[in-house]
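Handing you this structure, nothing more for now.
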Amino acid sequence: MMQRKIKSYVLRAGRISNRQQQGLDLWLEDYELKFDSPTPWNFAKEFGRHDADTIVEIGFGMGTSLFAMAMNNPQCNYLGIEVHKAGVGSLVADLHEYQISNVRVVVHDAVEVLQTKIPENSLAGVQIFFPDPWHKKRHHKRRLIQSEFIQMLVKKIRPSGFIHCATDWEDYAEHILNVLSSESALFNQQKEGGYSPRPDSRPLTKFELRGERLGHGVWDLVFIKK
């Protein structure tokens, strides 16, 4: 089992809007999966339906992409993992407003969630969009995407399932590509290797659109479990 003691995130006290606080206070209980439940989650039970693919998004931020993907793919289950309360409140408020029923959230460290709550071979895919690049070299050990972490993810994903990462930090993109390419249980969706075009399934965020206008690059990587 992976034993990760170095956190890939820092919890800071940030401002929470009235709407985000409403989401946390009034509607989070409708969507939250509790980490302290005694056994791994049964997704058929938690989502109230059988035979639906379950996709995990790690670090969903303000929930923009997760919300759009859930709305566009009602046949899929989405589980979002996030530790920052403002983003959780924002997503939950949107889910409530639009009555989206195919999303669940867990407010906890993603590594611990994956270690203890996600059954093996239960996921259709995992998506990690714009993780903290920890760009200073002395902080690289804090990067979420490391070989040991990917080895754990592979166990949770079923055969033919995917890992989809996106980053706007080229050095981190190169690191992710090396890590994923080194995992023997995965193959690159790009037959010639390297990065993938942005899949239509990943929505463009306002942040990304602004970056494109400024000439910033974004690198997508999609690997499939053999």
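Cβ atoms here come from the backbone N, Cα and C positions, even for glycine.
Just lifted these from Swiss-Prot, have a look:
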BINDING   E57, E82, D109, D132  S-adenosyl-L-methionine binding site
ACT_SITE  D132  active site
BINDING   K136, D168, T205, K206, F207, E208  substrate binding site
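Give me the lay of the land around each of these features.
For the recorded site, D132 (S-adenosyl-L-methionine binding site), the DSSP three-state label reads coil. Within 10 Å of the C-beta atom of D132 (S-adenosyl-L-methionine binding site) sit 16 other C-beta atoms, taking all shown protein chains into account.
In the three-state DSSP reading, E208 (substrate binding site) counts as helix.
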Only counting partners 6 or more residues apart, tell me which same-chain residues put their Cβ under 8 Å from the Cβ of K206 (substrate binding site).
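K206 (substrate binding site) has long-range Cβ partners T64.
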Over the residue list E57, E82, D109, D132, recorded for S-adenosyl-L-methionine, what is the maximum interresidue Cα distance in Å?
14
Here are some binding-site residues: E82, D109, E208. Which one has the most Cβ atoms within 10 Å of its Cβ?
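Highest number of other Cβ atoms within 10 Å: E82.
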